[in-house]
Each structure stands twice: as structure tokens, then as C-alpha cells.
Amino acid sequence: MSDSQQSITVLEELFRKLETATSETREGISSELSSFLNGNIIEHDVPEVFFDEFQKAIQSKQKALNTLGAVAYIANETNLSPSVEPYIVATVPSVCSKAGSKDNDVQLAATKALKAIASAVNPVAVKALLPHLIHSLETSNKWKEKVAVLEVISVLVDAAKEQIALRMPELIPVLSESMWDTKKGVKEAATTTITKATETVDNKDIERFIPKLIECIANPNEVPETVHLLGATTFVAEVTPATLSIMVPLLSRGLAERETSIKRKAAVIIDNMCKLVEDPQVVAPFLGKLLPGLKNNFATIADPEAREVTLKALKTLRRVGNVGEDDVLPEISHAGDVSTTLGVIKELLEPEKVAPRFTIVVEYIAAIAANLIDERIIDQQTWFTHVTPYMTIFLHEKTAKEILDDFRKRAVDNIPVGPNFQDEEDEGEDLCNCEFSLAYGAKILLNKTQLRLKRGRRYGLCGPNGAGKSTLMRSIANGQVDGFPTQDECRTVYVEHDIDNTHSDMSVLDFVYSGNVGTKDVITSKLKEFGFSDEMIEMPIASLSGGWKMKLALARAVLKDADILLLDEPTNHLDTVNVEWLVNYLNTCGITSVIVSHDSGFLDKVCQYIIHYEGLKLRKYKGNLSEFVQKCPTAQSYYELGASDLEFQFPTPGYLEGVKTKQKAIVKVSNMTFQYPGTTKPQVSDVTFQCSLSSRIAVIGPNGAGKSTLINVLTGELLPTSGEVYTHENCRIAYIKQHAFAHIESHLDKTPSEYIQWRFQTGEDRETMDRANRQINENDAEAMNKIFKIEGTPRRVAGIHSRRKFKNTYEYECSFLLGENIGMKSERWVPMMSVDNAWLPRGELIESHSKMVAEIDMKEALASGQFRALTRKEIELHCAMLGLDSELVSHSRIRGLSGGQKVKLVLAACTWQRPHLIVLDEPTNYLDRDSLGALSKALKAFEGGVIIITHSAEFTKNLTDEVWAVKDGKMTPSGHNWVAGQGAGPRIEKKEEEGDKFDAMGNKINSGKKKSKLSSAELRKKKKERMKKKKEMGDEYVSSDEDF
């Protein structure tokens, strides 16, 4: 008897024993059968007949239990034989059907067998196994079968995590449907399985939101909130099929929501995520769900701005998915389809005349190959490792490898290939060759881009304003760029002229020496090389100009033995001579440099390469700036001189009645002293100052000197212990605290637009309503008991209701309480009727009712139409002046804003009411260099007064004229030009507001032109016409305003 015939005989005997086995002998026979099958059976003699009988036994009621136990044993074998694996996977549909059996023992045995198969199968053969499980979920009406299959999928996720990640687009819809099953057990199992499956989503941007995304599948009411949460997310990680499979259900529902804001936010997320898709084939399966929703919204949304955002997302989706304007969806690649690879392998095997009994094995090989194509694994050795063991079942190894290599090449040729930009080859030592992504706040700057720097080369870093050039430089210097060499491997120094103010009193030599860069002799020698004289080396840093500070920073970097210099706008503070010196130095020092500059002439003279921002990538061009512009003409506009990355603008202050010049005091403090209760001495004492629209004041002094206390009294946050504080009735002060975020900390879940609407919804600034100068205290209550003698009766003021002009001041309409039996035990005060209201002059009221008068002044100012409407568009326009775009203002929650964006929001909110004075407490603490430059320019151009508390002389040097030096509670002013009356200078005329005017509630104010007075001749003419009409019409005549 031959070996093969003997094997078949043994199998038949074992199978017969298995059929008749009892519960006591079942395990032993199953184990023996498993060992024999996975042993040394001749590959060409695959026991086809045995497995046919095996399949029938699984379906049999009498034999199922024993056979399922054997399946588990065969699959649990440590080394599952390649000749057995395809056949054992082929039993899965039959085993699945038994997992729903009413017989509990059979159901448990089937579940155990399925889990054993899922654990044992080659991970790359997942495309052979998973379709069976999905088909069972889709077609079965047995809830136990569904629960078992869901548990098996969880096991398969652990066994083949990378492969399941690629199958998520077909897996998630089926699991989602199971989550809506009517059976509670299926729902729970589906939720557990989909949670397990999402472990394959390797995307740091969304991983913390995955529980919410799963919750949205089960509960669609959660969609709006989840879209809001994701809308504040910065997407920087590559978007894969697994990521889209879990995101697209949410986004497609978001596009179909009723609220326009949710539709818009969903479009923003689609736009941001699609930019991170590397391969059009990744997004292709999802185009059918996203494209129609975006098109429909673009056609039906009424809000123009939301339609514009939707159109932007639509364009991005079309570009990434290679969709034409006709919106015909491109064909999805079938390179990784099992049917495609099966066709190729069958064609190659045709000359070998492979027997029909190996069909299951050939189909299994096609499934493995399809998975390798999906994973984009194309190297020969990996294909040999995964596929050869199955090919040698019916071919000799040499023939198998020859056919397999041909199979690999033909299968790989079917993969669609996108454009590939190779870095220009260049000889030299690599200092850096890394791939990374970069974001700032909620904005993606770079996505999976390469940066390669060679020793001794000079690179110009170029891109449009806001592309993130300085952010990239700072990120490299701070070690935040993935893959960039550490300081131990490659010393990188960020050269900036803004030397920290804490070192301003140190000498130049001591400052460089404090950086541990060498001995003082070495440092002195190097500084002299850079042009420093002996006298300058001993000078304090504060006395150096910006240009010399730049040279000092460069000398310190060179002494640190830098391999790479990062230069951010190095020519900003240099004169022509020093620019030429810097050009010569960089060209001859041999140090690699990366330069950001708007000086095109400087870049032309220095750079050997231009690194340019293109579509979230860095692309390198050989040559200087002129050569680069020839290759990329559209880049010319980026590098015009004077280009500014950031600009702020403050609104023009409202008109102040009685203030004819900018020199007239609008805030005046005389002999003011303030002492906190319980302290032994005043915090500030005997302080006198005044502020006008032309004030540019720097408040300086050591910590604890009383600067902030002084400002708090000025702004009304605190009331003085003694002294006088006068503020113009309609003067508005914007105060940005040292801890700027204090203004918005309790509103993080609002959008910036909603925050501003909340803050000013009554017309008043709700942030200032708790200021001490607006709260009625005990002294105020006592003063308000003052008795006025009016029309012979004693009265107390009950309320103040309106204001009108009276000579050079104002008078106020007051309601009263009438006094009866004053001074007696039966004394009482009775409210009087409104007909008894009377007008009292301001000077008389202010002594006892100053805070009530201030409230009326505020309300009158609000009614004057000097405030804009609290509409979304108006708020967006205002915030745009402070560098916040409409996307952030109306559609992003404050919680998701970066630190710099939050500060801009605080600036925007504080200046909403067009303040006359802007007070900033330590702005350099919370604004970066770019924003400080923009703020400095805006404050210079501001038409109101500016008061700044700061330690930074650099910031205030060219901005302020007046200095208040605070020390030990005393304030010494200098540079001031205080005047008693209106003062000199050009007169301020009240300007007529252009365009429509609104009150604080958004109601349009119709301000008609004032009628001119008629002359006596015109009046006589009007009278004659009136008499003529009366005579002609008789009793029918009715006069009108036009007749007079």
C-alpha cells in the first residue's frame, strides 16, 4: 500500500471513531485526528474526500457536536498545516450556522471552533475568512449566531490587527447594523466588537473621540454635539481607510442635520481630513456617501458663508478623490479584489494542469495575494514567505516560486500609482532627513512632509503669509519636530535679536559667558571678530541697538558650535553695512543655515536652495530666490518688501461730548490713596495723573510696587480710599488683565461670537458690571438718603430715569419718595406718582447719587447709536481686525482655540464698545513676537489713549511718550503734557457716521437730516399758500407739517 493510500485509510478510521465517540473518548480522538492532519501527510495528497465528509458531519444533528470539537482541536494545533488551513477555513459557514443552534452544547462547541479558527489562521489570509463572518451577520436570523460571530470578529482583531484595519470600510456598516438589532444581546455584543475593531484606527487626532463616534451610531441625537467636538480638533495624522470608516457615518449624518451650523461644521471637518489623504483610492469608497450630501447642501443652504465653506469642502473632496466637474465617481481600484488576483493566478497555473481538488487552495492563495496588494507589500521575499507554503501543496518548490514571482509582478502592476516627487540628489553629509507633520492651533501647516538638510548648505524657507515658517523654526528649536536630530546629535540654534529683558543689565561679555560657551578670552576674541570694540564688550545689553543685538545673538550661536543656524528675519534691525557683513559671514562660515526673510535681495545673495511650502508639503528647489521665482512665478508676490504676517486694527473711539481736542483730560485722578482693608500701609498714596485721547503711557516699576493697583483704581475695579477720580460721563475703558484668559474661562463651550453676544446682549459690558465703581456700598446707601427740597416738599430720590442737555451740563429726570413726619417715630417715605417727577441738575445729583447717574450716562450712550449691532457678520468683521477669521469666530468653540487665538478674542471683546482708553497689563506675557509686533502697530495707529504696564522696554520704546514710574507706592510721572482745559492741537469734530446706525439691540436708527430754519420771506410765502388752499377746499382742508 502506498503512503497516500495508507494516510487516507488512517483518516477514514479516525473519522469513523469520531462519529461514534462518547463524551469521554471525544477529546482523545479529536486530538489524534488533529495531530495526524497537521503532521507529515504528503502535500499533494490533500484529504479532499475527508473534508467533504467533515462538512456533512458538521451539518448533521447527530454528528455535529463531535465534529465541531474536532474542528477546534485541528485549528488549535500550534502549527496549523498549510495543506489543512484552506479547508478548515472553508468549514466556517457551516460552523457559523451551528453557532445559532438551540442545542446549547452544540452552540458552545461551534463558538469555540470559530474562535480557534480565527486565532490560528494566517493574518494575511483575512480576506478568505472575514467575508464568511460578514455574510453570516448579514443573512442570519438567529441571534445566538450573530453574538458568536461578533465575538469571533473581536478575536480576529487581536490576531490580524493591521489587516483588519484595511477591512474596516466593509466591517463598520455591518457592525453598525448589528448595533440597531432588536435583541439586546446582539446590541451589546456589537458595541463591544465595534469598540474592539476601532483599536485598529491608528489616528492620534480622533482616538479620544472614538467612544463618542460609536455612541453616535447607536444614538443619532449625539451627532450635533460630536460634530462640534471634532470641529475643534486639529487634524495632522495621515487619514487611512480605518479612520474614514469610523468618521464617514458621523459626517454623512452631520451633512443631513437640520441646523446649518452642523452642516457647515461637517463640511469643515471633511475639508480638513481630506487634505491629509495621501492616496485617492483611500477616499474612493466613501465618495458616494459624502459627495451627494455636500452637493445638496451647497444647493440648498441659505447662509452664503456656510455655502462658501461647503463649496470649499466639495472642491477639496473632488481634488483628492480625482472627481471631475461632471461628478462622475472615478472607478475604485480592483487590484486588491480576490476576483482580480484569482483571475491572474488561474491564468498562470493553466499550463500546470492543476487538479480541480486544489481549487479551495488556489482561492485561498488569491485571498492572501489580494491582502498583500491592499497592504502595498510588493517585495519578493515577503510574497515567498506568505504564499509559497500553499503553492507547494500542488507544485514543486522551484516551479512554485517561478510562478509566484510572475504572479507578484502582474498583481502589483494593477496598483494605481500617483505622482511621486523625488528630492533632488545632492552629495554631502546629511544633517537631517526626517518626515513629520506640523500644526499650529487648529490649522494644519504640514502633513507627512520630508525635510533634508546637508552640512554647509544655505536654505531659504519661503511660503505665503501665515504658512507657518516661523512656527516650523521654533518647533525645530524646541525639539517638537518628529525625527529631527536631537541637540546631542546635531546642535541647532535659533538666532533671534529679541534677547530676554531679564539680561538687559548684564554686560555683553557676561551674557555670552553665562551660556557656557567657552572662556572669557575665547568669547572676547570671537566678539571682536564680529566687530565689537573693547568698550562695547563691557557695555550693558540694554544699550545695544537692534542690529548689534542681532550680531550678539549670532556670535553666541557660533560659540555654541552650531551645526544648523535658524535665522528668523535676521535683517530686520540691520542697516545696509551690517546686512552686507551678514551676507559675507553666512557665505563664508560653512555652517548650515535656514533663513526666513522678506528681504528678497538678501535671500538672492545668500541662499543656495529654496524650501517652499506647497500643498502642506515642503518642496526643495536648487538655486537662489531669483532662480526659484523663474521656476515658480506665482511665488513672486510672497516676498515683496514690507509684507507683514499679522496686522491688528482697533476700532475708532466714539465721540465724547465736550472733548474738543485730544489733549483734554477724560480721566483725572487727584491726590488718590488706596489701601486694602487689614493692611498696615497704603498700596499707593498721593497719586495724581490724567489721561487723554492722545495719552501713550508706560507704567513701569518692580514687582509689588503697586502698578496693577493703580490701574485697577483707574479702570474702576477698585475704589480709592481717599482722593478724587473723575471719568468723563461717556468714557469707555477696555482693560485686558495680566491673566488675559480670566475673561473667558467660564465660557469655553461657547463660540467666540456667542461669547461676545452674551457679554454685550443688554448693551452693557457684563464683564464690567461687578466693578467696584458700579456697586452700591454702605457709604453710597447712606449718601442716597439725602433730602431734596422740591416745590416746598421734602423728597428723596427713588430712581433716575433719563437725561437731557442743560446749558453746558446735563439734568436728570428723577422719581421721588415723599417724606412724612420727618424726625419723628412715625417717619415714613411714600412713593410719589410719575407726574411728580422733576429734573435735577447733574452737579446737585452727583454728590449723593453718582453711581445711579453713571448708570443713566451708560444707557444714554447705548441709545445714541454709537454701538454696532450684535449680529454674527458684525462680530466677524470686528474680530477680523484682530486677526481672527470667521471660521474660528462663529464655528469653533473657545475651548478649541490656541492660546494666541484666545488672547485675540479677549482683545476683540474688550474693544467691542469702541473704547476711548485701552489698558494692557503685561501684554508681553501672553502674546508671541508676531502678535506683539502687530499689537504695537495697532496701538500706534489707535485714535484713543493707551496705557501699558510692562517690563519690556523693547515693546514700549517707540510706542509710549509718557512714563509713570511706580516705586514703594509712589508714582512719578515723566514726559507728560497735562493741560487744564481743552489744550492745543487740532480740534475734534463730531463725524456723521457713515452707513446705517444701530442701537445696542440691533435696531436700526433713522437719523433724518435736521430741518434748516426758513427765512421770513419763505414763511410769508408758505402762509399765502396755506390760506389759498383753505379758501379753495373749505372745510375739507387739513393742514400738514409740510405747510409750515
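Glycine too: its Cβ is placed from the backbone N, Cα and C atoms.
Database features (Swiss-Prot):
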COMPBIAS  1020-1031  compositional bias 'Basic residues'
DOMAIN    426-641  domain 'ABC transporter 1'
DOMAIN    667-993  domain 'ABC transporter 2'
MOD_RES   SER2  N-acetylserine
MOD_RES   LYS187  N6,N6,N6-trimethyllysine
MOD_RES   LYS196  N6,N6,N6-trimethyllysine
MOD_RES   LYS789  N6,N6,N6-trimethyllysine
MOD_RES   THR972  phosphothreonine
MOD_RES   SER974  phosphoserine
MOD_RES   SER1039  phosphoserine
MOD_RES   SER1040  phosphoserine
REGION    975-1044  region 'Disordered'
REPEAT    5-42  repeat 'HEAT 1'
REPEAT    86-123  repeat 'HEAT 2'
REPEAT    124-162  repeat 'HEAT 3'
REPEAT    166-203  repeat 'HEAT 4'
REPEAT    205-241  repeat 'HEAT 5'
REPEAT    242-279  repeat 'HEAT 6'
REPEAT    285-323  repeat 'HEAT 7'
Ranked by Cβ pairs within a distance under 8 Å of the repeat 'HEAT 6' (242-279), the first of 86-123, 124-162, 285-323 is 285-323
The correct DSSP tally for the compositional bias 'Basic residues' (1020-1031) reads 12 helix, 0 strand, 0 coil
Cβ atoms other than its own within 10 Å of the Cβ of THR972 (phosphothreonine), all chains, total 11
Grouping DSSP H, G, I as helix and E, B as strand, the residues of the repeat 'HEAT 4' (166-203) number 31 helix, 0 strand, 7 coil
Rounding to whole Å, the Cα atoms of THR972 (phosphothreonine) and LYS789 (N6,N6,N6-trimethyllysine) are apart by 45
Residue counts for the repeat 'HEAT 5' (205-241) under DSSP, helix then strand then coil, are 25 helix, 0 strand, 12 coil
Across all protein chains shown, the one of the modified residues LYS187, LYS196, LYS789 with the most other Cβ atoms within 10 Å of its Cβ is LYS196
The modified residues listed are LYS196, LYS789, SER974; by CA-CA distance, the one closest to LYS187 (N6,N6,N6-trimethyllysine) is LYS196
Per DSSP, the repeat 'HEAT 2' (86-123) contains 30 helix, 0 strand, 8 coil
Ordered by sequence, the long-range same-chain Cβ contacts of SER974 (phosphoserine) under 8 Å (at least 6 apart) are GLU962, VAL963, ALA965
Cα-Cα, LYS789 (N6,N6,N6-trimethyllysine) versus LYS196 (N6,N6,N6-trimethyllysine), nearest Å, comes out at 83
Lying 6 or more residues past either end of the repeat 'HEAT 3' (124-162) yet within Cβ distance under 8 Å of it, the residues of that chain are 85-86, 89, 92-93, 96-97, 99-101, 107, 110-111, 114-115, 117-118, 170-171, 174-175, 177-178, 181, 183, 185-186, 189-190, 192-193, 196-197, 199-200, 338, 363-364, 367-368, 370-372, 374-375, 386
Tertiary contacts of the repeat 'HEAT 7' (285-323), defined by C-beta under 8 angstroms and 6+ residue spacing from its ends, are 169, 241, 244, 248, 251-252, 255-256, 260-261, 263-264, 267-268, 270-271, 274-275, 277, 329-330, 332, 886-887, 890
Sequence-distant contacts of the repeat 'HEAT 5' (205-241), meaning Cβ under 8 Å and at least 6 residues beyond its ends, amount to 165-166, 168-169, 176, 179-180, 187, 191, 194-195, 198, 247, 249-251, 253-254, 257, 259, 262, 265-266, 268-269, 272-278, 282-283, 285, 437-439, 441-444, 447-448, 891-893, 895-897
Mean per-residue pLDDT in the repeat 'HEAT 7' (285-323) works out to 89
Its residues classified by DSSP, the repeat 'HEAT 7' (285-323) shows 33 helix, 0 strand, 6 coil
SER974 (phosphoserine) -> DSSP, reduced to three states, gives strand
